[in-house]
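Quick paste of what Swiss-Prot says about this protein:
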BINDING   48, 69, 140, 141, 142, 157, 227, 228, 229, 244  iminosuccinate binding site
BINDING   114, 201, 298  [4Fe-4S] cluster binding site
């Protein structure tokens, strides 16, 4: 299976570095200019929870969306804007284009990728699937359009458990890709028969149970929130496990005033916004400074800046294109996910 080279990771950090922080005047200029361009071009900005707070705030201010990847896909699909600007990583832009082939999809940069996407080349993954033709292929949203086209289902961390549980109840066996930690978590929770691809998120894989136990000893009254892309030993220490949106909901509902959070620190913007009376602490990674690869923030998410956002709008640059031959195959598993989650929402509303 493909391994992500340290060179790629180091380069991502270098690319993500900001030349210098913006002054208050510069920030105000970019925010105003971007808002004007969005309005003039009938465009909407959607941003992931892991983007820098300034990008998330701008999406909210301009009538866009800040959410997890499932809601980003749903919002972009339902919004009437002719142009969707996706602040996130490349697979999110591709997903928006697959679901809305008639729309123009722009990104602040096309260099913002994902270690899960990079670690699951379509030729290798397809060969793996071909060895087990009897199995249903379920892939995480953090994959290329080509890998999605090879799948039967696409899932996000907010709906993966329910979808796999449903497939298991139907007697289906599963190939899962690419995140091995999320796959292991789902396998343990559902008891499903799953073959796992060997991929990992560079942010979540760095959280370590020993350091987390030490931190819990320092904050004994704190609750621990963990994203399921983390290693099993970290998940086992959690008071709540879930997707970004589920962790935000847990932060609101748990009585604890201090929360240790094992996911990308970009999520703190929304948590602090919704829970201003609570204290949020980053879970420790394997190292600090130069010793850690991600240091609890995705280097590719950090590439989404105000400067790049304005530039892509003014120039029409960094447009996402997906091979038209792939779209019919890739949209099928995505629509299955959206239909499944919509049906689950309606059922929940009916039971309320």
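These residue numbers are counts, starting from 1, taken along the chain as shown.
Every residue gets a Cβ built from N, Cα and C, even glycine.
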Among the binding-site residues 48, 140, 227, 229, which ones place their C-alpha within 10 angstroms of the C-alpha of residue 201 ([4Fe-4S] cluster binding site)?
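Hits: 229.
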Return the residues near residue 229 (iminosuccinate binding site) by Cβ distance under 8 Å, restricted to its own chain and a separation of at least 6 in sequence.
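Same-chain residues close to residue 229 (iminosuccinate binding site) (Cβ under 8 Å, separated by 6 or more) are 157, 179, 181, 182, 200, 201, 203, 204, 205, 263.
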Between residue 140 (iminosuccinate binding site) and residue 114 ([4Fe-4S] cluster binding site), how far is it from one CA atom to the other, in Å?
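Here the two Cα atoms lie 12 Å apart.
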Are there any residues at least 6 positions away along the chain from residue 142 (iminosuccinate binding site) with a Cβ closer than 8 Å to its Cβ? List them or say none.
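The list for residue 142 (iminosuccinate binding site) reads 69, 89, 91, 114, 116, 117, 178, 179, 201, given in order along the sequence.
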Among residues 48, 69, 140, 141, 142, 157, 227, 228, 229, 244 annotated as binding iminosuccinate, what is the maximum Cα-Cα distance? Answer in Å.
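Result: 17 Å between the two most distant Cα atoms.
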Mind giving me a neighbour count for residue 140 (iminosuccinate binding site)? Other Cβ atoms within 10 Å of its Cβ, every protein chain shown.
29
Measuring Cα to Cα, tell me the gap between residue 227 (iminosuccinate binding site) and residue 298 ([4Fe-4S] cluster binding site) in whole angstrom.
14
Is residue 227 (iminosuccinate binding site) helix, strand or coil when read with DSSP?
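Coil, per DSSP.
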Could you tally the C-beta atoms, other than its own, that fall within 10 angstroms of the C-beta of residue 201 ([4Fe-4S] cluster binding site)?
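The Cβ of residue 201 ([4Fe-4S] cluster binding site) has 25 Cβ neighbours within 10 Å.
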I'm trying to understand the geometry here, so how far is the Cα atom of residue 48 (iminosuccinate binding site) from the Cα atom of residue 298 ([4Fe-4S] cluster binding site), in Å to the nearest whole number?
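That comes out at 12 Å between the alpha carbons.
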Taking only same-chain residues 6+ apart in sequence, whose CB is under 8 Å from that of residue 298 ([4Fe-4S] cluster binding site), what do you get?
50, 89, 114, 202, 203, 264, 266
